[in-house]
Structure formats: C-alpha cells, structure tokens
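Notes follow the structure.
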C-alpha cells in the first residue's frame, strides 16, 4: 500500500515529493497519493491527543520547507487593510469617542499608540467579554483615527500570491477541518449534570488542533482567503461530511450529528407537518415550546397557542395558556437547521459546546475577510434561536453570554452588514420572536388589581432567567441593531413587528408587584427588585431609546404614530386583562409600567421634534383617566414609603423607591411618569384631577376647616408627611418643564445645577449623575463637548487640597455664586434626590451661601424660580392652578396654618405659597368660562365666584359648614334637647342654632373632595359611553367609620370671614410676630429686588406684590386690610387635647434642638481635643510639651493616668508608663548620598542598584572590620539598626502599668472586630486612640540632686577625665527586683521582638552579650538619627524648633541604660583610656594569638558617645557628659583630618605637610588644623600603603585646589553629624533648649551649646573647627598613637583597611523613587512585564516604591513558606513596612507588619480625581503634593496613626 510506504519516509521529503507531483499538469497520481496518506494520518478513530497528525499537516502544508519559513513567506503576501486583532476578557484596550462611529469601537494598544489621539475623548478599558481591534474599518471608525499602518493601507499594494504556495493548504485543510468536526461529533453527549466535564475534556484534547487553525488565520489575508473558500464551499462539505458508504465509522459519526441536530429542538421539515396538528411536540424540557417557533408556520391564520407544564416551584399550579401570535411573514424565519458548509457545522458545534474560547477566537480571527464575514453573519443569524435555547439551559450562562456578545458585537455594529442581514435573513423577526419565546418560559399570573380574575401574565422576577440577566446578550444585540437607522426604520414600518414587540413589553407591565404589609413584618425580604429594574431598563427602556433616536425629524412622524397607536391598543388590552375600572386596588404598587413610558416618550418626542399635534395622539377622556391612575399611584406610594407606611415590607421597598428616581433610571421611569401625568392633567377636568391627587395621597379627611377630624386611612403622624408629599407633587407637576418646552441644553444645565447644589461633585460622579440617554448606543455621549462647556459655565473647580489629618481630597466642582443666586431650583433637587438628606444638604449649602454673601442671614426658604415657557400643546396644565378645588384646598390650608391646627408645618405653607405664586405667574389666557355649562353650580359655586386665582384671592368666605367629631371645640355645648338618642343628625343640629344663623346656613360652604370626584367621573363616563353605566362597588361619599370608633361626626357651621389675601397678611404678621407688620402704604415703597431670597415673610411679601401688580382691585384690598390694622386675635389654643398635642410637638421640637446643641458642643470639644492630641502633622504647637525636658528639673515628676484619671509620681511598685508604638524601620538604611531621588525604571535599560545606600555601606563596613579585628571590639565600633532598627514613638499620654494590663484584658474580651491584634499586644491609646503596642516605664523622678546635675563646674579637664574613668569602672548596681525593673525587662523583650532576628545578630557568635550590647545602643542611635531626619536633617532654626513629635528618648535612654548596666566593659579594652591616655605599647606576643582591636580612627564616634552615656551610672552629671563629648570631638576631628588627607594629591599632601610642620611649635599648635593635619600626614606616610591606594584615582580629584577655607568647610561638615547627635542627646537628657540659627552658623552654635566653645565667635560663620578642640594629653602624642594603630596594621593587612579610614558620616534625607509624570508610562511597561521570580506575567503586578522591586501581589506562584511576595518583600526591604503601587489599580497599599491598608492614589486625572482600578481609564498624572505626603508619612513613621482603615493580610498579599 502506497500510503504506508509514504508514512515511513521523512515527512519533509514526502511533502516536497507530493508537492512536486501536484504542481504538474497531470496531478491525478499526486492527488490519489495525498488522499490515501491523509486517510491514514487524519483517521478520526485515533485519539485527538496524538500530535503526529498535526506534525504531518504542518509539513504537508509547508510543502517541504520548514513551517516557520512558510509562515513568513505567506505573511509577506498579507493584503489585509484591517487589524482585526482578537482579544479575550481582561485584555487592556482603548476606545476613542472622538474617532468612533459606532460606540462599540475599540482599538488594541498598538494601533492606539500608533494613531494620533491627542486631545480626543478616549479611555483605556479592561475588556469584559473580549473584543477585536477595529483599526482600518471605516464602517466603525473615522479614518483619521487609524494607526499609521492601517491608514496607509499597506495591504493594498502587496503582490498577488503565487498559486503553488498555498496549493497544499487547499488540499490538506478540508480534511483537517473535517477531522476536527468528526472529533466534535464523536465527543458530544447531551448534557446531564454528569457529563459536563466530558465536554471540557474533549475540548482540551482538541486544543492543539484548534490553536493550529488560529495560527493559520494569523498568517494574514492570503491564508484567510483559502480558509474562507474551504469553510464556505458547499460541494466539499457534501462530499466529505456524509461519510462514504463503506466507511462504517463515518456513517455512525454522521448519525450522531443528525441526532444532535434533532435534539436541539429545532424541528426538521418532515416533522413540521405532524407538528402543526399536535402542538406539544417533544417531551424534553423546552423542546415542545421550541417546536412552536418551528411549527407556527408563521403565515398560518390561526394563532397557535402552546401549553407547557409549569415548574413545580412556581406559585401558580394550573397549566396556563399564553397566546403568542407569530404573524410573521415568512415561513423560513426559523426553519430547522440544515447545514450546507463546514462553517455552519462548526458554528453549530461551537454553540453545542457552549462557546469554547479557542473556537470563538478562531471564528473571529477570520472576520477581516469580507466574504467570510457575510457568510458567517448569516450563519450566526440562522442559529440564533438555537443559541438562545443553549444559553437558557447552560449552567455557565455568564461566561457564555460574554462569548456570544464577543461575537455578535463584531457582526452587528456594522450598519451595512446589519441592514443586509435584516433584509435577507429576517434578522428583526428572528430577534423579536426569540426574545418573546425566551420570556415566555418564565411567565406567571399577574396579581395586580383583581387578583382572582386577572388574565394578564407577567415575568416572574425570581426566575434565574431574570435574576442572572440571562437575557442580556440577546437584548444587547437587539439594541445594537436598532442603533442603525436603516434597521430601526424597517422595524417601525413593520406593524406586525411593532405589535409583537408591544406584547413583549407588556410581559413587564406590572411585574414585581408590592403588597403593603399591614400586620407584621415580612419574614423574608425578597431582592427581586434588582432583577425587575434591570429588566425594565435593559429589555424595555434601552430599545425604546434606540428607536427614539431615529424619530427626530418631521419625516419620521409616521413611525411615532405607529408606535403610539399600538401602545394604546396594548394598554387597552392590559386594562381589560387586569379588570381595571376606575379605582386602583388599595395597598398595591408596581414601579414597572413600560407601556405607559413608551407611550409618554413617543408623545414627548412627537410634540418636541416632529411637530405633531398632541391631541391627535391622545385617546378619549375615559382612557386618559385610566392611564393616569397607575403613575399617580406610584407618586403617592413614594410619599407613603417615605412616611414609613411600608416599613413592614422591609428595606427593599425603600430600595425600590430610591432606584426609581436614581440617575440611571429616572429618565426612563419617573420622568416619563410625571410627563404622562402632566399630559393627563392638561386634558382632564382640573377639579377631578386635583381631587384625585388628594384622594390618592389619602389626605382628603385632613382638608377640613375644623380643628379635629378623623382619618380612616392614615395615622396622625403620617398625615403631615403625606400632605407635604401631595403638595410637593403638585408643585413638581405644575412647575417641571423637562418634557414641556425646555431645550436639551437647558435640561442639561438644570440637571447639573441640581446635582452640584446637593454636594460638590467630582467630574466622574457628575457625569454619572446626569441622566443620560441610557441607551449607550444612542450617539449622545456623556463626555460630549456641551457637557464640559456647561460645566465650566455653572461650576468652579476646587483643586484637590490636602488635609493635615491625611484624608485625601479629590478635585471637586462647586456651583458658582450666581448659580446659587439665580438658578438654584429646590423643586428639581427634590425630584432628583435619592436620599432625603440631600435636599437638606442643598438647603444648608444655599443658606451658607446667602449668609456668606450677606444676602440673607436667617433661615431661608427654598427660593422660587421662574419657569421656562410652556409649549403651546400643554397650556391646559395651567388650568390646574386655576380651579376651584385647588383654591379651596389652599384657602383651607392657609386657615389651618394660621389657626395652628395640628399636623401643619412650615413645609406645607411653603408649598402652598409656591402654588399661589405659580398661579399668579401663569395666568389662564382665555377667560371664556363656557367649558361645561353649569356643571359646577350645585356644589361649590358659593365658595368662589370663578376659577381665576386673581379674582378668588380677595373673595371673602364667611361661613363654612364642617363635619366634626362631637368632642371638637367647635361644637356648641348646649343642654341637649329632650331626645335621648346620642346620634345627632343634621336636623337637630341646625335646629339648635339661634335664629340669625338660619340665613347663614344657606350660605355656608360644604366641601367634599371625594363626592366631587365621583360626580365628575360619572359625568365623563356618561358623556363618553352611551351604553351601559359602569357598575362600580358602592362606596358612600363620606368615609365609613370603623366600628367602635369614638365620637360621632356632627355638622357645625364656622364663622370665618376671611379671604386668601387676608389670611396671607395675617400669616405675615404671625411669622414676623409683629402686629400690623405691613403698613397700609408698604406696597408703594416696596423694593422688589430683595425678594428673591429670604424666608416665609419675604415669600408672602413677594406674592402680595405680584398680585397687586396684576390687579388694582387686589391692591385696594391689600391696602384696606392693612389699613384696618386691627390687632389680630391671637389664635385660640383650641382645646385641652389639642393643647396637649401642640405641647407634645413643641416639646419634641425643643428636645430636638437641645440634642442638636449638645451634639454640636460635644463635636466642637472633640475637635479641639483632637487638634491638641492628635495633630501629628503640625509639630509647632508641641515644642512646649516635650516631656523629657522638664523631667529632671522639678522635684518629682507627676504623671496623669489616662485610664483611672489619677495623678501621681511613678514609683518602684506602681510604675507609670508612656504609651508607645515600637516599629522596625529601614528608613535610615535607604538614605543615599545624593539629595536627588532615584528614578523608577520604565524600560529594560534602566535599573536601580542599592549599593550606595546607607544600610549597605554600614553592612560592608562591619563585614570588613570583622575580617580583621576582634569581634567584640568590632561590635562596639559601629551602630546597626540602619535596616530594621527599632523606632519608638509616643502620643505623650501616660498610664499606670497595672491599669494598662486590665485595659488589655477588656480589649481581649471585646470581640468587636478591631483593626489590630490584641494578642500581639496592640491597642489604641485610651485617650487619643492613637495606635500603640507597648508601654515604656518612666523612671521615678529624684528630687534631691536635681539642682546639682546642672551646675557648671570649674574643674580642669584632666580632673573630669579621671572622674569619668572612675564612673565607668563603678560596676552597675544591680537594681533591686521591683515592679519597675520587671516592666523594664519586659519592654526590652518587646523591643527585641519588634524586629526580625537577622537585624539583631551581627556577631560571629549569635546570642553573645556583645551582640545584645550592640543592638541595645543601636536602638538609641536609631531613634536619635530618625529624630534628626524628622527635624530636617539639621538643627538650624527649622530643625531646632520642630520638636519632632513628642519624644520619649529620655525614658527610652533610662530603660536602655538600666539594661546595659548588666554589661561592664573590661577596663583593659575600654576605649576611654585610648581616647585620653598615652598607653605604653603592650608586649607583641599577644598579636599572634588573637586579632587586634579596632583602631580608634576606624571607630564610629557617635556610637562611642552613646556607649559611654549608657554604661555610666545614671543620672549623669552634665559636666561629665560635656567632658565625654569633648574627648570624642577630638577623635572625630582627627578622623576628619585623616579622611581629608586621603583626598589630596601627593603634591598637595607634601605641601600641607611641610607648611603645617612649621606651625607645630606655635603656642596654639594643638588647636590649629594645619599643624595637626601635617602631623597626621607625616605619621600615616610612614606606611607606604595608606596613601598609595588612592594614587591611581587622584588625577580626577585634584582638579580643585584645596584652600584653607575649603579645608575648614570640609572639616566642619565632617564633624557636624556628631555635634548634632550630641546636642540632641544633651537636649533630651538635660532639657537644654536647642538654639535655632542660620545654616552657616550651625557649627559654632552647636559647639557653644555643647560647651566646646566658651562663647560664639564673631562673626559666627567664622568659627574655626580646630578651636573647639581640648586635649587631655599632648595632642601630637595621641595622634601618633592613633595613627600607629593603623600603620601597624597595614604592614600585614591588605590595603582594604584604608577604606575603613575614609568614612563619610553624611547622608541625605530618605526619598521614595521619583515617578514619571504620566501613569501610562508605568502601566504600559509593567502590566505585561514578567515577574523575575516565576517568569509569568502576574495577575496583580505591584511595585515597591522604596526600591523599585517588581512583585506579584497575592500571587501563589511566588509564595514562600505560605507568605506571598509583597509581604515577603516588605519584610526584606522595609523591615515589615512596604509601600506598593498596584499597577492595575493605580492605588498604593501600605503593608505594616501583619496589617495592611489602601492608602489611595498619587495619580489623578485632569479633573483631580483618582481612578481606582482604572475603571474610567482616563489619562492619569502624578500629584506631587500627594506623593510628598506619602513620603513624609513613610519618613515620619505615621502610617499607623493617619490611615484609619487597617485589616489583617494573613500573609496573602
């Protein structure tokens, strides 16, 4: 057999041989051989994991050459003009709104960076579902935005490809693809739960094959063309797919495929015939229903109903029928799937296997090929119904949704393509039908209105389909295609489609119904409302906005009419289905009325943009009355919810009320609702409308003139908020103009102003809060230019400031002054607030503005704002303000407020006045009152003569008849007539009145809103329906009284004799609490300009002025009323019960005020305390509070314990301690020589080397010493603690140590989650709450000797030197065992536990006393050095005054000293002797045995100072301290000379040596640097090696010549660090003040302070460093001795010892790395950078800002011993303090020990905002101030105090 022989040969050779055969003209033998070979190689019965087949294919395709070379060759013929790079979720891509035509446009980083987008509105984003790069596609983006490569269209001029290059591919690939398909067929099992994993397994095995296909697509256009041919060729598919007869395997395989096809529930044609007869086909889950989509031969006249078993879990048990009329036109709309080419079957399996990522990527990678794109789109549409079905069954619907959208967004964003598919494949019909079908699977019976007989069905919001947003991909596609004008027009022209869509929308009408709980609280709060709101927004509102964008011009009128017509039809069907007549069912509310909102929005659009006449679109009055009911119900329910009437329904009902008005929902929900109500109000009878409102709000019973009433439906505490709600609603209804005539710009402006008035806002928050067209594809982009222009017009930018407490401010926008003055609109604010407190916040800000600008100082009322003119269509709305019912309500309320009836409030008055003012400003144009003749006559004609507000204002009302409870004060108490019946009827009552009241009786006004409304409704019904009367449940006109209610109602007549005007004037007097507050002539001298802002008095004056201007009659009336100036009767306190209620209210009010006052006082106290106690950032105030200072002076120091509050000294048995925080710190170790910060590397060429840091330098020095010298001596010659030293800081509060122990116990038992760990000894200071972890005992103060410690002495130096020596030999007295000493030992233990072991053990033998000794004195050194750093590195004026926080160095020194006294220094080795005496050289024999000691010139002088002070008995006399400093200064100065001499060139050395030698004999030789320098040079020159080392380097250095001045300066600089530390130590031990001075005087000032100089030289800057020297013995002998130690060494030691001579004590302040200005530089370099440890790209990369290390945050890859890399690094680099920048989030996290916190971001965008997690993706820039604060907190170790939100990291970062 030929194939077998071929198989044995070398693959490459075979391939080359076959290719040669095939390129001949007669290639039949070649073909045959190839087919046979492929039969064997690509045998699908082998396992897929066998890679042999793949290798063969690669070789064959390449035709003999290497596959890599072949790829290169093919790529060179790439003719693609599109980028088309496909990416998956989490990829970082860009979107530029300036360049995009479709809003889904996206670019890969490479194309974005190579295009020019400067100044564009772009952002970076993390892809959620995956996507593809659109660069080069002019359908989706403008060409100006293409990158260089795609703009030049380099692909077009590529030469055409030689035919034979791809010959083999054309022959091999069809078989290869078939092979993949056969594997897929074979592996597929219908998923039960058990086989889910098997699908994954198959896919894993196929991974290499599919990846290979993907590789091919990446070879460019030429290869894609070949693949397209193969995938779409129907002939090839036919030949290969069926399987030849004899091949049994292939046959079986094909059958599997057919059965899979069948199972997809899409019926094949043969079954269709039977299907129509029997509706419920297929028993499997949804297959029966799915058949419907196939079987409704959609042209068939009968509507096919379908039945389906309800899930057992649902509440409705019976089987329900849902009618769905699929009157779509074309029988092929959802035909069964028949596959005609490979592409179709591949897509089929992709869907079956739930969209595996690799397959999706392959299918998308092919898209740049146009032919493929079209075929693939059609195929995708053909499978659409099947996709939906698979999606509904899927367990992983989220992932699957993302993958579906990943594909569909690429296809449907292209208008040309979408239009084509719509025409050729009925895309719209398919989409709508599929959506309908999908929602049908989860319908339940609606319970709205008539629960029993309701025939309406709604979606069930608790179904997973809605809860998990499973419908999202399909809806998203639908919205996407509707954004194309051509498609949307097609949709709106097709009436059957619009009708279908309306029936789809009606599934959401009335969903998620809430029923008010009246008895007990609900047990389970359902969260279904999330699903409901999301569904209405996404499935109903967004498609609506999509359609609305295409209805903008006159030409599109027809579309609007169509939609409106079907909306009304569907609404009518809905009203019938829910059995609605005229009253909504009580205690029910649904927030979801999408049909109403469709209707409203199309009405608004039609009137606003298309010039349609409103009346032509409106239904009859009866329908309008029905339409208004449910939106009004929602408004009333909002008020009920805020009045706490729904509390028993739990928090979720509040959540719904808030979501309904929230910025993303409001313009699809509350705005259309209010607009619809405005339309109804403008067309219905105003009296009917007003009375409906008050009845809905349940406050009808309250609107009575009587002082008491019974309300059957509200408790009395709910009456006030409900009344306020009703009035506020009326004000909003009559004053809101969003849909009634405002232009888009005016709307944007008012939205912006109302949001800014509530609070200052960041730019992004504002963008988010302005309700945008919620459909993202509407083309109105939030970031459009008008937004920015408007923002700069109404607001000022407040740059991000920094608060000392460290809280980060963002850049904010705040309203301009004239906005507050002219544009603040409280009504808009009320409409837009989600939380009621925001309204208060806006008012507070408003009054603050008025106070500040001096306009008004009191408590202002919401200002009244002039409104935009009404669009002529809506003029009818004004009738509301001019109807008698409203005027009666206004009159009644004015009267009640004046009479102080209960449940009135300032807010009620405010709204009433607002309504009056609106009425005055909006007069009804035509006063033809002939609307409905004489209907109004019966009832309240006598209240007011007409409907005009102006004429009614001054109409006086004399008597009113009211129904009141018998107990009310209005009832005349007369002896009852002889009738024994209690119930007094009308008759009796009136008979009881005296004669002259009888006439009045006829005139008295009676008013019942409800009766009024009933009659109106009846009349309208009668007029509109001549058929049967509406039968409605009888309910009497007055409310029924629940049985057993107290007193009966009786009718009384009240004498009123007031008009609205007179009431206003009386209220003015009442408010201003002055009698006759308005003089008769006040109108004439009125200054109208100050009327806009003010309180109620101003408002009344403004109204009276306006009224007077509009009518002379009113002007006269006002003057009359004011002229009478009768003292108004103080309103009588009505009755005891009423009085009680009033008092109660007043008492409550007073209590509230008292409470407020107390709180305010408390807050201010707290604030002042915090300022003194906590202000870590402002040290000036604390200079005085330095504890250590005063200690030694007073007789006995007293401490206050902040726990028990007692004050007393610290004693041996009951010691007091300072609250301290111990932390390990490496800040000092990170210092460098240069003051410049190092740059963060942002490219592969830059690096950071830590060799020049302080920590490294000291390590190297110590290691070098330990190589040559005795270990114990080495450990006393340096300090450690540069890295990992222990820093001690205190808040300055003290407590008894036993109190502290009990405090810790209580913390331990308190299981509240604290941010710290009590077990580790952490706590917060009981007084100031500062974080702490230990207590530092205070040494008892000694009173007796305090004076003598300071007395200056005249003892000679030599005497003092001797005394010091004796003191050192005095062995430390072991302190008696006492509580104090125990505590001190404990603190030492704490200190040791603070840092890691590696930072303590530097000796050769760990744990030796020498090691301990070194660690202890280094703690003191670390704290001194850090304090110096905090003072700015020097003690000049700034550093001296800045008492660097409260220092605890004094106490720390005593604790350390006590511990160090356990060690005595062997006098033979005591450095003091070497400092102060000439020693006879010892016998040399010792040298052989042990290493020498460290020479004095190598030792670290500050370390010696601390060792001396700590080992001498405490307290130390100051004279001894000064003596020690003097002696050490000599050594330091000598070291300076030596270091200096090594810098000279040999010639200079020679010169200085000789010039100095001449001065040796002068009197002051010992204090002149020339003489000493020459001596040092000559001594050291004895050994040739000392200066030889530097000889090679000198030519570079010697460019500058050393003058005496430069030498003096250099010596001073060398000695300054030692002087600073000594001075600081002296300050803490003896309380000496630090004198501030100028920088150039620092040396002399410190010398005087330390007693090295008797007085400051004049001028101070002329100080000479040598003049401070004071030698105990001959200087030259001592120098000789010190130099000899060095020269003696170098004879037998290598030259490194010399490097030890040149120590430089000066370090610059610690700095963090310098970051680049633009964050993108960091992001682009690091977010794809591989980790150095694990070589993978980390999921969360982070950067250490101290040393620049790149680490994986939370990465399991780099864990060591269960600790993640960031935590490890923080221990290694910062001794458990780490500062990391998270690359993907732009935020900084701080790790401190076992806790961490989010610090915030140092990168802000152009508007001064952080962008955490890069969600917005705007360009970010470094904020220098923030970075400085971060650095400052790091250096000052205050992370723990300033950042409040800490949590444990459990080593997981």
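Each residue, glycine too, has its Cβ placed from N, Cα and C.
These figures come from a predicted structure and were not determined experimentally.
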The residue range that TrEMBL labels region 'Disordered', out of 291-323, 324-356, 357-389, 390-422, is 291-323
For the region 'Disordered' entry in TrEMBL, name the matching range from 1125-1152, 1153-1180, 1181-1208, 1209-1236. 1125-1152
Between 943-967, 968-992, 993-1017, 1018-1042, which stretch does TrEMBL give the note region 'Disordered'? 968-992
Please spell out the DSSP helix, strand and coil residue counts for the domain 'RING-type' (1274-1329). 17 helix, 14 strand, 25 coil
How many of the residues that make up the zinc finger (81-152) does DSSP mark as helix, as strand and as coil? 13 helix, 17 strand, 42 coil
So what's the average pLDDT for the domain 'UBR-type' (81-152)? 88
